[in-house]
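Here's what TrEMBL has on this protein:
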type	residues	note
REPEAT	113-146	repeat 'TPR'
REGION	173-195	region 'Disordered'
REGION	242-291	region 'Disordered'
COMPBIAS	242-252	compositional bias 'Polar residues'
REGION	363-392	region 'Disordered'
REPEAT	517-550	repeat 'TPR'
REPEAT	551-584	repeat 'TPR'
REPEAT	585-618	repeat 'TPR'
REPEAT	619-652	repeat 'TPR'
Amino acid sequence: MDARLRLVYDLLDNDLCENALFITERLHALDPDSSSWTHLLSLCCLRLGRPSLAAEHSRERGLRGLHLGCSYVFAQACLRQKNYSEGITALRQAQPLWTEEHAVSERFAPDYAAVNRLLGKLYKASGDMKSAINCYVAAIEANPFMWDAFTDLCDNGVQLRVANIFKLRDSANSKSDHGKLTKSAPSEMNAPYPATKANSLRAGQSFDSGLREAMQQPFCISRNDAPVGDENMDTTETRNVRSVSGDVSMSHSGIAIPSLSKKRQRSVLDGPPTEVTELRSGPNKKENDVFSSRYASSSLTLAPQRRSARLLNQTAPAAGLTDRSTTESAMARDAFKRLARPRNPVRPVERKTSALNRAANAIRSSAAAGGRDPKVTGPSSPTPVGKPGHPGRMTSVAAAAAALDQEKLQALMNLLLKLGAGYHHLSQFQPQACIDALSSLPPEQQMTPWVLSKIARAQYEMMAYKEAKATFQVLRKIAPSWLEDMEVYSTVLWHLKDDVELAFLGHELSDDHYLAPQTWCAVGNSFSLQRCHQEAIKCFRRAGQLEPQLAYSYSLLGHEHFEAEEYGEATTAFRRALQVDPRHYSAWVGLGRVQERLGQGEKALKYYRSAEKVNPNNAALLTYIARILEKMGKHRQALSYLRRGTELEPSDNLGSLIRLQTARLYLRLGQPLEALTDLQLVQQMAPDEPSVHFLLGQAFSMTGPAKRGDALRSYTNALSLDPSNETIKDAIAMLGSGH
């Protein structure tokens with residue numbers, strides 16, 4: 001690998017983007033035709049927040065699809081610059097580079113799932129939701145851990161079977177095997193070297209199957225690349241001495257074997273080994289590594305024995321006659337045993353070259369006197385080497401490691417399944433189901449900021465504002481710097497009329513996150529609660545400027561304009577919120593309220609029903625629809641909506657309002673007994689509400705003369721709570737006259 005590439009990769013891996021940019025500029029100037037330098041140069045600019053410069057560098061190769069990395073960086077820059085069409089074109093032009101036939105293994109090059117995720121974001125931003133959804137689905141099918149693609153699908157209102165998404169897929173069941181889902185090799189962000197064929201995720205291979213295959217090769221150390229001995233030594237001398245005193249000896253499996261201590265080395269030369277096994281070392285067939293089983297049970301790890309020392313024993317067996325597969329398996333078994341023990345750090349050992357040479361010369365002279373070839377050991381009976389190693393031993397260990405990793409991935413996938421189910425329920429406005437799903441998580445997961453924020457949002461959707469406030473307070477205690485959903489927290493405090501806590505939240509966020517849109521939403525809600533509408537409007541506008549894609553800020557701005565009776569500006573703000581997020585039901589409700597205030601009942605009903613399609617489980621919205629239907633004289637339809645609202649089990653305040661509205665409809669329909677049932681329940685929850693006692697009086701008076709006393713008592717209670725109400729006085733007068 002090019003040392004210059006490795007240098008830039010190391011800088012990027014350590015997030016030293018300024019240094020990487022400077023070095024890459026120099027290298028790109030030296031070789032302007034290199035796509036790799038162009039890609040890395042544009043990548044550095046993108047990471048430094050300079051999308052215009054990144055697009056400028058990568059445009060030529062990226063827009064034409066000549067280099068996948070350039071196309072990917074160019075598309076990311078286009079997304080930030082809102083140049084969506086060119087970003088889509090660049091990725092489509094480079095499509096042959098991330099298909100099954102053209103797998104890419106270059107560092108920082110995206111895989112199939114990453115490209116589809118980016119395409120989905122570009123299509124969504126350009127308004128092509130159908131294509132965006134298709135790209136998100138392809139990304140998740142290729143990699144089920146692509147969480148943000150899943151959340152984008154949920155945010156777009158797509159109905160999903162979450163159980164079918166978050167599960168590990170075998171390559172046999174993957175659509176990629178049929179050519180529909182192809183992906184390139186993933187970038188190894190933490191490795192200084194590019195992905196190799198052995199550990200890269202090939203096209204047409206599922207995520208988990210690729211990992212499983214890679215785990216079959218747990219040892220990736222190259223024997224030829226491993227440092228052994230002192231490189232400054234003479235070559236011939238090193239070959240003879242390394243086996244005894246080299247720093248590290250490499251076994252056939254590529255595992256580094258520490259050398260023996262000086263004392264143990266001398267014992268090897270002094271005494272003959274009882275069991276010897278010989279291996280040929282690497283491509284050099286003349287170099288042999290010999291391990292003595294005499295030291296297999298020693299606490300010290302074994303070092304290969306020198307040939308001259310081996311010849312000291314005339315009865316030593318010819319290890320080269322041993323079957324190679326047997327010796328390799330035995331070596332692997334011993335290597336795994338050594339891995340299980342704690343090893344002492346490797347220390348260099350002094351080389352006694354003169355003593356070794358003298359010993360070798362003595363051996364050669366004695367061998368020559370006996371008429372023997374000093375390179376060949378004498379014949380002897382085979383020495384037992386224990387049970388022969390099984391060739392599948394290493395494979396079984398690797399398979400066990402792969403199975404363990406598979407279990408870890410499956411545990412993570414099970415966790416994502418519960419989190420995904422909760423998020424999907426929340427996006428479908430099923431808050432109780434969301435809380436149930438997230439409550440099934442382990443306690444340590446339930447106390448994470450993301451889970452707490454989603455539980456609080458679900459409680460907010462249920463209008464359980466006190467519970468939502470308590471959850472948000474726990475979140476603020478655990479993660480004071482957490483920003484996500486803080487605009488919802490401020491709205492919860494607004495509904496609870498907790499002006500002190502809301503003002504404190506606004507001050508805290510202003511101190512720590514002055515330029516965050518959530519901060520200005522909180523400050524705006526604080527001004528709104530104090531009825532400072534113009535100040536609140538300024539804050540909400542500032543939030544929209546800081547984050548144009550935050551629909552919630554435009555919705556708050558619209559409601560504030562509505563409270564200030566600025567209906568034109570309110571309509572504009574609500575429409576802007578819907579441009580950002582068509583599923584933002586609060587904006588639909590705001591448009592309906594504006595039209596209802598202007599006396600346009602039909603238009604108001606249309607907007608309310610649009611909101612109902614998005615969120616059919618909002619009890620307050622159902623009361624708005626029932627109110628319009630009641631004004632239009634459609635009492636039966638209005639009553640059905642109110643019954644639905646009651647079945648949702650809203651909070652006490654909203655439940656009282658729904659039952660009060662239901663009782664009023666029953667009285668209009670001439671059903672006083674049904675009205676009495678609801679009114680008596682409301683009386684228990686709101687005993688000091690004059691309208692409740694007034695309606696009770698009407699219901700009693702409609703049941704007949706027998707209940708006139710109860711009717712008079714209810715009217716009297718209502719008048720005592722509201723002495724200036726002329727309607728109550730007129731009702732008492734009519735009751736006294738016998739009408």
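Going from the start of the chain as shown, residues are counted 1 onward.
The backbone N, Cα and C atoms fix where each Cβ goes, glycine too.
Long-range contacts of the repeat 'TPR' (585-618) within the same chain: residues 157, 429-431, 461, 551-552, 554-555, 558-559, 562, 567, 570-571, 573-575, 577-578, 624-625, 627-629, 631-632, 648, each at least 6 residues beyond the stretch ends and with a Cβ under 8 Å from a Cβ of the stretch. Averaged across the repeat 'TPR' (619-652), the predicted model reaches a pLDDT of 92.
Same-chain residues lying 6 or more positions outside the repeat 'TPR' (619-652) and placing a CB less than 8 Å from one of its CB atoms are 462-465, 585, 589, 592-593, 596, 601, 604-605, 608-609, 611-612, 658-659, 661-662, 665-666, 668-669, 685.
According to DSSP, the secondary structure content of the repeat 'TPR' (585-618) in residues is 27 helix, 0 strand, 7 coil. As a summary of secondary structure, the repeat 'TPR' (517-550) carries 27 helix, 0 strand, 7 coil according to DSSP.
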